[in-house]
Amino acid sequence: MTSTQEPILELRGVNKSFGAVQVLHDVHLALYPGQVTALVGDNGAGKSTLVKCIAGIHQIDNGDYLFNGSPVHVTGPRDAAGLGIEIVYQDLALCDNLDIVQNMFLGREMKSGVVLDEAHMENRAKETLASLSVRTVSSVRQLVSSLSGGQRQTVAIAKAVLWNSKVVMLDEPTAALGVAQTRQVLDLVRRLADNGLAVMLISHNMNDVKEVSDRITPLYLGRVAADVAAADVTTGQIVELITTGRSGDIGLSRALAQESA
Amino acid sequence: MTTPDGQQNAAAASGDTALGENASEGTGGYDGEAATLSTALEARTAFSGDRSAVSVGEYFQAYRNRIRGGDLGALPALAGLVVLVVVFAALRWSTFTSASNFANLLTQAASITVLAMGVGFVLLLGEIDLSAGVIGGVGASISAQLIDKQGMPWWVTVIIAVAVGLAMGVLTGFLVTIVGIPSFVVTLAFFLAWQGVLLAIASEGGSIPDTNPVIFGLTHSSVSLLWSWVIVIAAIVVWAAYVAVTAQRRARQGLAQPPLTVQLLKVGGVGLLAVLATAALSINRALIGKPDQGIPWIVPIVGVLLVIWTFVQSRTQFGRFVYAVGGNKEAARRAGIRVPRIIIACFVISSGMAVFSGIIEGSRIGSVTASSGTGNQLLFAVAAAVIGGTSLFGGRGKARDAIIGGLVIALIPNGLGLITDSSVWTYIITGAVLLLAASVDAITRRRRASSGR
C-alpha cells in the first residue's frame, strides 16, 4: 500500500506568504488514489491555508503544483473543480431549506431546456448515495434541516463525489458529531478511498486519524514535519510531531524545528 | 489490493439491494442468518420514502406528520379566509354575498396580490423592499401622464413605466450588493426619494385621470360570459392534464410522488371553487342598463402572473438559486452561485411587479395622484405575503402565498365596510390578523426546529 503508484496530486516546495508572514515553508505533499492521507497539525500550523491553496482560493507564491504528474496552474476554485478536486468544508455549506437532491446539485443543476431535470437529478443522487452504501436516509427529498449531523456530513461528502471527482479533501468532518455518527462518517471516508479516490482528511482527532488513514502528514508551523505510513507510528509520536516538529529520528532536523519555533 | 473498479461494483451492488423494493417485501430474507436479516432491515429504511407507489392512506399519514412537525404550508391562511368569509356572510348575508361585492373583492385584492408576488422574491432572500409601493406609484403616474399629455398608446406607456421600474430595481440591488448597505435602509431611502419623483410627475396636489379604456377596463370591465367559461374550463383541463402527465413520467422513472388521486383531488377542489366563482360572476352585476357579467379582466391576468412566477420559482435554476441564497448565502456562494446577481434580479422583479401593481391600483381608483402607493400599500403587500405563509427570515414562500394573503387582506376592509362606515376596526383587525399569521409562523418555526424540518 505504499508509493509504488503515482500520486494523483502532488505539491513540491510550495511557499505561501501573507504580507510579511510566511505561512507555508517548502511544503511537499502527495495524495495517492485509493489512500486516505491525514493532514494533522496544531491550530495555526497552516492546514487551512494549505487546503485553500490546493482549492485555488489562495494562490501559491512559488513551488510546483502537479496533477496526474503534470504541472497545472490553479487560479480559482473553478480550476480545482475542473480537475476533479472537491472540498467538504467544516461548516458544511448546505442549505437547510432545500432537500438532499437540491443541495447535492446546487449550482450545477441538470436541465432540459430551461426546466430543471428533477428526475435525472433525483436518480443520480440516489445512485451516488447507494454507491457510498448510505442507508440511513429514508428519502432523498427530505429537507436537509431534518437530517442529523452525521447525515448532513454524508450529504456534503456525497455532493463532493457526485462529480466524478478524483481528490476529496475533508476539513474536520467529525468535529461536531457523536460517537455513532462519527463511525458512519469514518466508514464513508474509508469507502471513498476504497472506491479509488484520493482522500485528504484534516482532523484533530488522533483516534480517527489512526483508524482511517493510510498515510499521515503532520504540519508543524507551516512545514511538513514528516510523511509517514499510519501503521509505522504511534499516536504519541504523531502528537510529538505536531507539537515539536520531530519525534526521535523522524521529523524535521533539530535546527530547523528550533528555527521555525 | 482489489482494483478500485471491482470495489466500486461491489459497492454499487450492495446499493442496489438497498434500493430494491422486493428485498423489503419478500419474507425470504428474514429466515436466513443474522447478516441477511440486517441487510433486509436496512433495505427497509433506505430510501423507503422514495417509493413510487404510495397509498392514499400513507400519504395522509405523512401529511399529518408534516403538520404536526410544524410544516403548515398555506393551511392557516386558508382557514383564516374561510373564517372571515363565514363571519361576514353571517353578519351581512345579502350585501356580502352579492355578485357585485364578490367582483369588487377580486379587484380590490388584485393590486396587493401583484405587489406581494414581486416583493415575495425579495422576502425569499430574507431582505425587504420598502420602496416597491412608491415605485408602483411612479410607474403608474408615468404611464397615466404619457397617455394623458402625450396621447401615447397605452401599451407603449406600460413598457416605458415598467422599464423605469426595472431601472429603479437595478439601482436598489446595486446599492444592496455592491455597496453593501442593508436593504432596509436602501429601500427606506428610496421610499422617500421616489415620493419626490412621484410628486414632480404627478404635479403637487394634482391627479392624473386614468382615461385609457384598456387600462381603466382592467378592473372595470369583464371578459365576456362565453370566454369566461372557456378560460376557466381550459385552465382546469390543462392543469389536470399537466398533473397527470407529470405523475406518469415520474412513475415511469420510479420516483416518489403524492398518489395521483390526491393530486387530482387537489386540482378538482380548486377547479370546483373556480367554477363556483365563475358561476357567481356570471350573474348580472349591473343595477340598470348594459349588463355587467363575467370574470373581471384583472383576474386572468393575475392568474397568468401566478403561473409564470410559480414556474420560475419551482422549475428553473434561477428559482432554485433564489431559495438557496435565502437559505444559506455562504453555501450558495461556495456552490458557485453569483449571489449579487441573484439579489439584484430579485429587486428588479420586485420593482417591475410593483409598476404593474401601481397601474392596476390606478385603474381601480380611476386616477393616479401624488400619494399613490405612498400609504399602506407596500405594508399590506408584505402582510399579504406573510399571511400567505412566506417567511420574513428568507428561504420559505411561494407565489401563491401572495394570492391567498392578498385575498385575506382585501377581505377585511371589504367585509367591515359593509358593516360599519368607520375604518377604525379595519386597521385594528388587519393588524391583528397579521400578528396572528406572524405568531403562527414563529411557533411553527420552533416546532420545525425541534422536529427537524
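Backbone N, Cα and C atoms are what each Cβ position is placed from, and that goes for glycine too.
Per TrEMBL, the feature region 'Disordered' maps to B:1-25. The compositional bias 'Polar residues' annotation in TrEMBL covers B:1-11. Under the heading transmembrane segment, TrEMBL lists B:72-93, B:105-125, B:130-147, B:153-176, B:183-203, B:223-244, B:264-283, B:295-312, B:342-360, B:375-395, B:402-419, B:425-444.
Outside the transmembrane segment (B:223-244), and at least 6 residues removed from its termini, the chain residues within Cβ reach (under 8 Å) are 260, 263-264, 267-268, 271, 274-275, 278, 281-282, 293-297, 300, 303.
Residues 103, 106-107, 110, 113-114, 117, 120, 217-223, 228, 231-232, 235, 278, 281, 318-319, 353, 356, 360, 363, 398-400, 402-403 of the same chain lie 6+ residues outside the transmembrane segment (B:295-312) yet bring a C-beta within less than 8 angstroms of a C-beta in it.
Counting Cβ pairs under 8 Å to the transmembrane segment (B:425-444), the stretch among B:72-93, B:183-203, B:402-419 with the most such contacts is B:402-419. Residues 99, 102-103, 222, 225, 228-229, 232, 235-236, 239-240, 243-244, 293-296 of the same chain sit 6 or more residues outside the transmembrane segment (B:264-283) yet have a Cβ under 8 Å from a Cβ within it.
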